[in-house]
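According to Swiss-Prot, the features are:
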type: DNA_BIND; residues: 111-186; note: DNA-binding region
type: CROSSLNK; residues: Lys251; note: SUMO cross-link
type: CROSSLNK; residues: Lys251; note: SUMO2 cross-link
type: CROSSLNK; residues: Lys593; note: SUMO2 cross-link
type: MOD_RES; residues: Ser198; note: phosphoserine
type: MOD_RES; residues: Ser216; note: phosphoserine
type: MOD_RES; residues: Thr221; note: phosphothreonine
type: MOD_RES; residues: Thr223; note: phosphothreonine
type: MOD_RES; residues: Ser586; note: phosphoserine
type: REGION; residues: 1-179; note: region 'Required for interaction with KAT2B'
type: REGION; residues: 589-608; note: region 'Required for interaction with NRIP1'
type: ZN_FING; residues: 114-134; note: zinc finger
type: ZN_FING; residues: 150-169; note: zinc finger
Amino acid sequence: MASIEEIAHQIIEQQMGEIVTEQPTGQKIQIVTALDHNTQGKQFILTNHDGSTPNKVILARQDSTPGKVFFTTPDAAGVNQLFFTTPDLSTQQLQFLTDNSSSEQGPNKVFDLCVVCGDKASGRHYGEVTCEGCKGFFKRSIRKNLVYSCRGSKDCIINKHHRNRCQYCRLQRCIAFGMKQDSVQCERKPIEVSREKSSNCAASTEKIYIRKDLRSPLAATPTFVTDSETARSAGLLDSGMFVNIHQSGIKTESTMLMTPDKAVSCQGDLSTLASVVTSLANLGKTKDPAPNSNEVSMIESLSNGDTSYTSVCEFHQEMQTNGDVSRAFDTLAKALNPGESTACQSSGEGMEGNVHLIAGDSSINYIEKEGPLLSDSHVAFRLTMPSPMPEYLNVHYIGESASRLLFLSMHWALSIPSFQALGQENSISLVKAYWNELFTLGLAQCWQVMNVATILATFVNCLHSSLQQDKISAERRKLLMEHIFKLQEFCNSMVKLCIDGYEYAYLKAIVLFSPDHPGLENMEQIEKFQEKAYVEFQDYITKTYPDDTYRLSRLLLRLPALRLMNATITEELFFKGLIGNVRIDSVIPHILKMEPADYNSQIIGHSI
């Protein structure tokens, strides 16, 4: 690669003089030339073709071909012709061309350079001028929330030829040069031409519909929240979150937000709560209670002749007590895994060599785990959405997506040796106490994959429709709306922080090992695990983000907001339309007793 000094010698041979370069000072680059070594050289400054002085021009790259020097402006607008002239802008000029050897990139054509790698740019992508390669790399990394690691010292050279060697440094360079992650969040799948476009619809390029009558050939009627009750509701409209939906039936007070579509058969698929509860319908049937006339009419109006939904509602009424749920899930576990032990092992079982009991000053035995609390295997959080995606978004699809996230969170907790070492009773108590916090963190982590923004906007639309139809009280709607806005604000704040997989794993561990829930046993041991998670978390951030002094504080300050999320409302929004009045608390012990192989083959897939 030719250096400035080599170019200078070439110019001397061409009798153009000697170039002596100085470091950029202020807003200009100074170049001194001298045709004769015995005479004083003239001073030249960089200027535009029209004689005006540019703000700043920097060396973009040096081509391997001798004699080529490429300059560009900081905004990558591209500089094709560079003129060196005297400060008084006299007619004496020394002209350099960026590339005069190519017919495609001649002096009359301006081309942009990628701000990340220096390759030829194809346009402005996500806020900066980049090439197609860096554009696609950045989009994949942000959409899938990929976690990279650097094998070097996190200062790898990123250029056209070496940009694929270190993905970590390449992504950090994309962010450092101003590529906006929020721009990636706004992209959606293209709208089908056959679908009706509404001028009221926001800028989202993906329309998801909810239909009440499966047999209706009509397209969904667009409805939007126009109530000025809160400014935040209008803010959702401005952000392009709302979608076209059909007016949906809603239960009063107990509030089923959307009428269910006909569910795809899920027999034999134990990946979601829907399939588990459906299987229990044949295992845990008791006497058929006679519903009152109001409930029957409401079920008929919601189901619109959908017999599968009617049977699910009947099953919901059959399982009113936790005892029924427990017996049904126990029966299911035995039927699925005869003679096999459950996934949740007793304290210390299978942990030889990793976990040791230490007797303290008192009679309490403390568990000390060798090595880190979390390993690299706990960073990956892979979620597969239900497939195929229905043409019309319905309660079953939302519920199954949420239940897959719930199962995946349970599986993640079970994979931590320290969690299993606490014993089955403590493990169940911890998950029952903090499943809502873990689920909410999962929503933020899977924000893009689950399309959470659209789901929340759908909830808001349905609540607005139900209020207009007098199917829900204003007080109840306000309570649900406040919860939705809390979810929205929390997830948005997490997305803006650009949290990686390691940070999400440690945040979940700190939440999971919280000793302040009443009824927990061995709280001192749980607190020790939480302290260990915090120390490892602090060490990771210090090494990974040495220049971000307050990053740890910002992340930890997001955790108190999780305690403001009402678990009952979360159940109502995401799960009630799928499993009715069966509480998540009653389901958790049976999920933890199931072998992970019975459900994780369906919920584990694409990396988040």
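Here the Cβ of each residue, glycine as well, is placed from N, Cα and C on the backbone.
Keep in mind it's a predicted model, so treat the numbers as computed, not measured.
Counting in whole angstrom, Ser586 (phosphoserine) lies 12 from Lys593 (SUMO2 cross-link) by their C-alpha atoms. Across the DNA-binding region (111-186), mean pLDDT in this model comes to 87. Sorting the DNA-binding region (111-186) by DSSP state (H, G, I as helix; E, B as strand; all else coil) yields 27 helix, 8 strand, 41 coil.
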